[in-house]
Amino acid sequence: MNSSRYVVVALIYLVGILGIGYWRKKQKDHAYFFYLITWSMVTLVGYVFYLSVRYQSVLIAFPLFFMGIFLFSYFKEKRRLINGLLFNLFIGSWGIYLIILMIKSEDIFLGGILALIGVPLVMLPFVGIYALILFLYWNGIVVLRKEAHSLANLLTLLLAIFLTFVLLFNLFVVQYLPDWVVILCSTLPMILVYLLFVLYNFLTVSVLYQFNRPRYHQDYIVVLGAGLIDGERVTPLLAKRIDKAIAFYKAQRRATMKIPKLVMSGGQGSDEKIPESIAMKNYALEQGIPDEDILVEANSTTTLENMRFSKEIMDGGQEQPYKAIFTSNNYHIFRAGLYAKKAQLKADGLGAQTAFYYLPNAFLREFIAIVMMNKKRHSVMAILIIGVMVLFSIIQFLYG
């Protein structure tokens with residue numbers, strides 16, 4: 001009976017994979033990976049529901065509860081940092097439930113999935129920090145070879161050096177220090193643990209935001225500007241943002257015959273010969289976009305101004321109320337979404353692909369910017385951690 005069950009599940013999953021492949025092959029924007037993940041999750045959830053009913057497990061209510069809270073928050077407003085925390089609570093409760101269900105049902109298929117996920121998680125505490133440091137050094141060297149030697153491009157290398165110092169300190173110095181000093185010296189690592197927790201939630205919500213799939217009924221597509229080459233030509237990074245907008249423009253025109261306006265948003269920097277938006281418009285014209293379908297916003301110097309000034313242009317348009325989205329690079333769209341929310345612009349983002357080697361530094365920059373946007377909250381947490389560690393250190397010194 002069990003073997004036939006596994007065969008049925010495998011066949012259903014395989015048919016779904018083949019169907020998705022055939023369906024997306026006809027589309028210009030394949031998005032195969034997104035639908036593959038979605039179908040895999042649907043299949044797993046369906047199978048778990050089947051096992052839960054068969055073995056009368058009511059504990060599934062707990063992950064469903066967290067899933068409900070996450071979905072309510074996410075679909076009400078995608079641009080929320082708390083969505084990352086809620087999703088991680090759901091995943092954590094889901095993982096615990098799968099372990100309980102696997103023990104109760106002795107299901108081989110479920111056990112195999114947990115083994116694939118569990119083995120790396122078990123190994124993580126033993127090799128994770130070393131692997132992370134090696135990866136950061138590798139990435140830092142690659143970035144230095146391919147990008148300008150600026151502080152913004154040194155973040156992974158600086159983090160690797162800092163983590164190396166912390167690791168060596170714990171391995172070779174801590175053992176010679178009094179306990180109260182060890183507790184005091186643990187303050188910085190504890191703050192780092194807190195920041196890593198915040199970073200994990202930020203990365204989670206950033207990844208979730210990548211799955212945004214706007215419908216083909218948009219009136220405007222805002223393209224966020226970036227620096228120029230020689231002060232007048234778009235960089236490859238900026239070109240990808242424009243290409244993403246053009247791809248959606250063409251897909252919507254093909255699907256619904258509704259033609260959106262491209263809003264090129266970007267002012268002129270001190271080292272630039274022309275506004276970024278003009279260079280972006282020139283690039284779009286070269287790609288065959290008609291001049292009448294391009295609007296220019298040439299006064300903004302920050303992402304927040306991109307959103308505010310673009311909103312002013314769209315507010316003055318003929319389409320009222322209007323529907324809008326924006327495009328930027330994938331690492332940037334969540335923070336850009338927060339600024340859109342701050343500017344009271346109802347628009348979600350589409351992320352253009354970025355070279356893999358560039359992403360770690362880019363996400364660290366985004367994370368630092370997110371922390372600074374909420375610096376009061378994080379400062380309070382840091383002060384609380386410092387206060388607690390100092391108190392424990394004093395107690396250890398007096399009574400240890």
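Any Cβ shown, glycine's included, is placed from N, Cα and C.
Sequence annotations record features per position, and here TrEMBL assigns transmembrane segment to 6-23, 32-51, 57-75, 82-103, 109-138, 150-174, 180-203, 380-399. Feature annotation from TrEMBL assigns domain 'DUF218' to 219-368.
The stretches the transmembrane segment (109-138) and the transmembrane segment (32-51) are in mutual contact, each linked to the other by at least three Cβ pairs under 8 Å (pairs 6 or more apart in sequence). Beyond the transmembrane segment (32-51), the same-chain residues lying 6 or more positions past its ends with a Cβ under 8 Å from any Cβ of the stretch are 9, 12-13, 16-17, 20-21, 24, 57, 60, 98, 101, 105, 107, 109-110, 113, 211, 213. For the transmembrane segment (180-203), the neighbouring stretch richest in Cβ pairs under 8 Å, chosen from 57-75, 150-174, 380-399, is 380-399. Remote same-chain partners of the transmembrane segment (6-23), defined as residues 6 or more beyond its termini with a Cβ less than 8 Å from a stretch Cβ, comprise 32, 35-36, 39-40, 42-43, 47, 108-109. Against the transmembrane segment (57-75), stretch 82-103 shows more Cβ pairs under 8 Å than any other of 82-103, 150-174, 380-399. Below 8 angstroms of C-beta separation, residues 48, 51-52, 55, 57, 59-60, 62-63, 65-67, 69-70, 73-74, 110-111, 113-114, 117, 200-206, 208 of the same chain, each at least six residues beyond the ends of the transmembrane segment (82-103), sit close to that stretch. Note on the transmembrane segment (150-174): residues 129, 132-133, 136-137, 139-141, 143-144, 182, 185, 188-189, 192, 360-361, 364-365, 368 of its chain, located 6 or more positions outside it, place their CB under 8 angstroms from a CB of the stretch. The average pLDDT computed for the domain 'DUF218' (219-368) is 92. Sorting the domain 'DUF218' (219-368) by DSSP state (H, G, I as helix; E, B as strand; all else coil) yields 71 helix, 30 strand, 49 coil.
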